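Peer 1: Structure incoming, see below.
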Amino acid sequence: MLKLLWTTIKEHCRPLLLLILTLGTYFSIVFWKMLSFKPDGLYGGHVNVWSDWSLHIAIANTFAFKSPQYWFSYHPLYASGKFTYPFFTDFISGMLMRLGLSLKLSFMLPSVIFTIVLLVGMYLLFFLIVKSRKLAVMAVLIFFLSAGFGFIDYIKDFMANPSWSFLKYVPKDYGRYDNYQWYAGNMAVGLMIPQRAFLAGMTLGIWAIIGVFYTTIRDKYLLKSTKIKILAIAGVLAGILPVTHAHGFIAVVIISGILCFAHIKKWKLLSRYVVVAGVISSILFYIFIWGGIETDSFIKRHLGWSVDGDFFDWLRMWALIWGAMLPLAVLSLYVNRRTIRLSAMAVYLSGFTIFTVANLYLFQPIAWDNSKLFWWAYLIFSPLVAILLEKMWINRNLMFKLAAGLLFAVLISLGTIELVRFIQTDKHSFQMTNNDDIKLGLTLREKTDPLAIFLTAPSHNHFVMIWGSRPILMGFTAWVWNFGFDYYSRESDMKKMFLGVSDVESLLYKYKISYVVIGPSEIYDLRANEEYYKINFPLAFSNDSYRIYDTRAIWRGDTE
């Protein structure tokens, strides 16, 4: 089977080499620049990385520096909460750190490898669908350079104030629409780079789909043993998606489900995939996710996704966000409906199904997270649109050729602009943690109990969570809500504990708080009454910005 894969890759050496040398090189450079240790601390190369990678580093550090019995003892953002976060990518990084690699390399290497494997898999899947090397490459470019009509605003702003500096560095993200909770126009800028689970999930998911797709179209030409092996491996890849990327799992279930249904006559063969994927995913779901969602409204019906207006408001939103992609995909499906093969049609229909489902239901409280499904739909629409553009290009009518070129430019213009902007990390890097706080966090990791609970401000990048690798009572509120925790009473109790009100000792006892951290965020955001803690509890650790008080005597009756 490996021989079959290697032979296939060699047959497509040139287009694959082109994609790896262009997109692969770009993303390798980007991932290398995403983390940098400077004289004053650790910096993230983009605001999205500054926010999201704080949690990823915390999870990776847990795997790297804590004993295995503590790995899944709590959620990094919610002490005593079940660790439901898809951890596969961060587990790999944690293991690399255990082997001695630096944090930067441990994050970069898996990301680059997943990117290369994704590029190869995406190209091969598109080739299986469209049977054309050129169209497969075009579809990959359409997907990675994705964005909407924001480039029109870019042109307007440039015309109003033309300058070389504007061309060199775009001052803002023109694909971002906060009013629709769409926080990045380009897939890579919004998801693939900052949200590490998305990259791994799409990579594994695409290769799982390739396995199912390939066996359905090559059924008559493959040995039975080869087909079983391919489907079993595809089942394993799909099966581990619940701990890799939940939205990727949903997308793969829809795509492979429709693909299997289209070939229902081959149910005995395809059952190998279904059974393997079903058993593995069910076990992982039960172990790592079941019971971890505390709220009843985690998944809810919401017609039109983030739009509360009428149908025309919904159309306007998608025109802004995706530009010409959606109408071109619909038009292409209609124009090519008689020539599209069964397996390809099943995949295309699954794309529209994913798009429809994600417009009907919110799969997490924050609407933006549905973008992880919408980009799967965009992925499937990409080869469909490439087919249409080729038909227009080969038409003898010059107007069709011009229209094809213009539409292709429209599809990739803003994405290209955003990727050029993204790589200029010197213009938009942000400090994640300063050196003093990193040192204090490492001291906590060394000198406190692995399960000691810390009361901190609900920050997304608190040093106790990231570098101390210790449970914090509650982290960034929006994320805690988005992960399905019923946090309202805990949030109220946190405020009371920091204020030092009359029942503070009973609350410290209730949550088994070992240490209370008081620093800038705790003082300014939560009005922490440090005088109360200074009088009643010993100072255990400190630096110039933070004081950490030992409160274990409240519930243990002793101290170390």
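Glycine residues also receive a Cβ, built from the backbone N, Cα and C atoms like all the rest.
Among the features that TrEMBL reports, transmembrane segment is placed at 16-35, 108-129, 135-155, 197-216, 228-261, 273-293, 315-335, 347-367, 373-390, 402-423, 464-488.
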Peer 1: Please determine whether the transmembrane segment (16-35) and the transmembrane segment (402-423) are in contact (criterion: at least three Cβ-Cβ distances under 8 Å, sequence separation 6 or more).
Peer 2: yes
Peer 1: Hey, would you say the transmembrane segment (315-335) packs against the transmembrane segment (347-367), going by three or more CB pairs under 8 A that are 6+ residues apart?
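Peer 2: When sequence-distant Cβ pairs are counted, the transmembrane segment (347-367) touches the transmembrane segment (315-335), since at least 3 lie under 8 Å.
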Peer 1: Among 108-129, 373-390, 402-423, which stretch has the most Cβ pairs under 8 Å to the transmembrane segment (197-216)?
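Peer 2: Comparing 108-129, 373-390, 402-423: 108-129 has the most Cβ pairs near the transmembrane segment (197-216).
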